[in-house]
Amino acid sequence: MSTESMIRDVELAEEALSKTAGGSQGSGRCLCLSLFSFFLVAGGTTLFCLLHFGVIGPQREEFPTGYSIISPLAQTLRSSSKTSSNKPVAHVVANLSAQGQLRWLNTYANTLLANSVKLEDNQLVVPTDGLYLIYSQVLFRGQGCPSTHLFLTHTISRIAVSYQTKVNLLSAIKSPCQRETPEGAEAKPWYEPIYQGGVFQLEKGDRLSAEINLPDYLDFAESGQVYFGIIAL
């Protein structure tokens, strides 16, 4: 609908209104409602067209081409994934062929010596000062209980460069047997795992060891059951 047509319709409506001024009150009310409806429809149509073709509308924030909004968490994850860690870390496992003794190896699958950590004389050598998570697990296995008390110990020790004395950092003791297996009774198998872990301030050159008192009871059935490691924090 053009502007001229809209003006013409308004003039005709005014003329009709003047001619019927002396008419009934009901006729006047109908005419007013008709005019109101006409202008309402015309205005709504015009507004729809302006919005549809983008003449008016909400403002949009413009960003340079190729720029994307990334949340702080996403930025952190993305940057951390691109940064390779250079912190010392080690994970060694027991030598399965060394029956009767606990010897650590880093040549099996899923073992690791990274960023200057060394394995020397069955000890892990710390390459730099700092906080370290030290952890170790051993698994004991036996058949029946002897007449004497059976105590199993697992100890993680440190020999510091500042003082050449072995100091226990973590130590645990367990007794798998509460009483002796009666004579003639079936000797049932038992299993006793011991896991230890803690965070310690270490110095470059410190030596760490993980030892037990009764290696004959170690369970070497599966690789990875007995392990020792450190992680720089």
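Placed from the backbone N, Cα and C atoms, the Cβ positions cover glycine too.
For Cys177, the cysteine that Swiss-Prot lists as its disulphide partner among Cys49, Cys145 is Cys145. The separation of Asn95 (N-linked glycosylation site) from Cys145 (disulfide bond), Cα to Cα, is 26 Å. Asn95 (N-linked glycosylation site): 17 other CB atoms within 10 A of its CB, across all protein chains.
Long-range Cβ contacts of Cys177 (disulfide bond) within its own chain (separation 6+, distance under 8 Å): Gly142, Cys145, Pro146, His149, Leu150, Trp190. Within 10 Å of the C-beta of Cys145 (disulfide bond) we count 19 further C-beta atoms, all protein chains included.
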